[in-house]
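Here is what Swiss-Prot records for this protein:
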| type | residues | note |
| --- | --- | --- |
| ACT_SITE | His475 | active site, proton acceptor |
| BINDING | 6-35 | FAD binding site |
Amino acid sequence: MSQEFDYIIVGAGSAGNTLATRLTEDEGVTVLLLEAGGPDYRFDFRTQMPAALAFPLQGRRYNWAYETDPEPHMDGRRMECGRGKGLGGSSLINGMCYIRGNAMDYDGWAKLPGLEDWSYLDCLPYFRKAETRDIGPNDYHGGDGPVSVTTPKAGNNPLFHAMVEAGVQAGYPRTEDLNGYQQEGFGPMDRTVTPNGRRASTARGYLDVAKKRSTLTIVTHALTDKVLFEGKRAVGVRYLVGAAEERVEARARKEVIVCSGAIASPQLLQRSGVGPAKLLESLDIPVVHDLPGVGENLQDHLELYLQYACTQPVSLYPSLLWYNQPAIGAEWLFNGTGIGASNQFEAGGFIRTRPEFEWPNIQYHFLPVAINYNGSNGVKEHGFQAHMGSMRSPSRGRVQVKSKDPRQHPSILFNYMATEQDWQEFRDGIRLTREIMQQPALDAFRGREISPGIEVQTDEQLDKFIREHAETAFHPSCSCKMGTDDMAVVDGEGRVHGMQGLRVVDASIMPIITTGNLNAPTIMMAEKIADKIRGRQPLPRSKAPYYVAGDAPVKGKAMRDVSAVAQ
């Protein structure tokens, strides 16, 4: 069985759905969109209810459920590496936090050779193009894009406001928009949720429009085996369909675009013969092109939870009790409101821990309940927590294919906490978080410190806690990086070096991870590269001003000084 299309896109995730939608806007352009997972079933509360975000991570219907190799600096733990499987990709199972990154991230990219048009003001128009924000457009936000963005509303949980106020009382800035003029500071957090309280995945925002077009063919339960080449040109793919794993070949007249994410994109390239020659030869994979950077430069965000008991009955603890959940579900299902309609990450912030950081190196998510991100180990009392993680770790990992079998997961090593900077940032972060949590704004709510526990104080004690309890923020990236150096995999338009008709477009092509969550940047990158593929002029550069810290102090004087950081 053989088919022919203009473009074949491998992976119907945050980038793939964006590209499929934009490419088929052009009359007569045909696209085959392949997805290894299934549909995004709209009646499955596990993926559609924002508050149920932990459920998809607990199974394998929507989650690839990768695990790392034993991490050498984390007591040899095999750590979670959840990735979305199904229409929407990781936007189908993520935490729905709409965070774009810091303007300085993109200005940093633009200083790299070949990436001059990736500055913040070049990228901002594409963030706006993708977005519809519920309170309307402005210089930073869009009003008619496919991605529904919801802002926190009056009357939400008082713990959100208390935690932001505590951050301000600790001496940090207040910001009204973490995606606007100034990311640095504490404030409300936007989320990818529709006006009627449903998850705004790219399957909903983009594919709901595009799938009506006869020029778009979507095949689910299609596991791509390899990219097919004639010489150095990609001419198609071979994929396995359904439980019977029927082998199908499809031809691409113009391009094969790999949008499989930071784990599966390098895995597919390597399995197809594009990657480090020594690795491929060791697995008897014929080398099509020796490209040493494929799978290297892997980055992620690591985070910790600092948990506190709540002395007032205002946390979300009752919503964890089974007998309260039917009413929560009914309100969400019929009205699109209530606890179920929010991801419950409605406040957060970004800070610098030391003057040598030019822009924030720590991110906070505040949550009005004490529980692990994947829904495990819920504290059986009222509580709240701060998720705290470093943003631009110098540690680098890698992804390596283990066989020719597309069903076998690759070898993944993030090499977390490999540098002294990592340890210093986390120690500082824990101590500064404790200072924030001791501010007067939280006096009415703050009980005992549940985790790490007030007895954990010395560097050695903190390091032990970090090794045992730090978790992924589910932000793998940078494993097929853009650039021109010897380890770059693609150019600034996603074209694979040394090949023709082959691109990679997803979080793997980031050269350096951004400051915050990765879904919004991934969609932006796909929007920007879509214009390149279509031969369109780039959107005009934005003229919006943005904050640069410069010589500004890291923080002001705390309202309540608790000698947070040991010098």
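In case you wondered, yes, glycine gets a Cβ from its N, Cα and C as well.
Projection of Swiss-Prot feature records onto the structure.
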residue	record	contacts (Cβ under 8 Å, 6+ apart)
Asp6	FAD binding site	Leu23, Val29, Thr30, Val31, Ala252, Arg253, Lys254, Glu255
Val10	FAD binding site	Gly16, Leu34, Thr224, Val227, Val237, Val256, Ile257, Val258, Cys259, Ser260, Leu268
Ser14	FAD binding site	Gly88, Gly89, Ser90, Ser91, Thr202, Asp506, Ala507, Asn519, Thr522, Ile523, Ala526
Thr18	FAD binding site	Ala130, Pro146, Thr202, Tyr206, Ile523, Ala526, Glu527, Ala530
Arg22	FAD binding site	Ala526, Glu527, Ala530, Asp531, Arg534
Asp26	FAD binding site	Arg534
His475	active site, proton acceptor	Asp300, His301, Ala507, Ile513, Asn517, Leu518
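Just so you know, of the binding-site residues Thr30, Leu34, the Cβ with the fewest other Cβ atoms around it within 10 Å is the one at Thr30.
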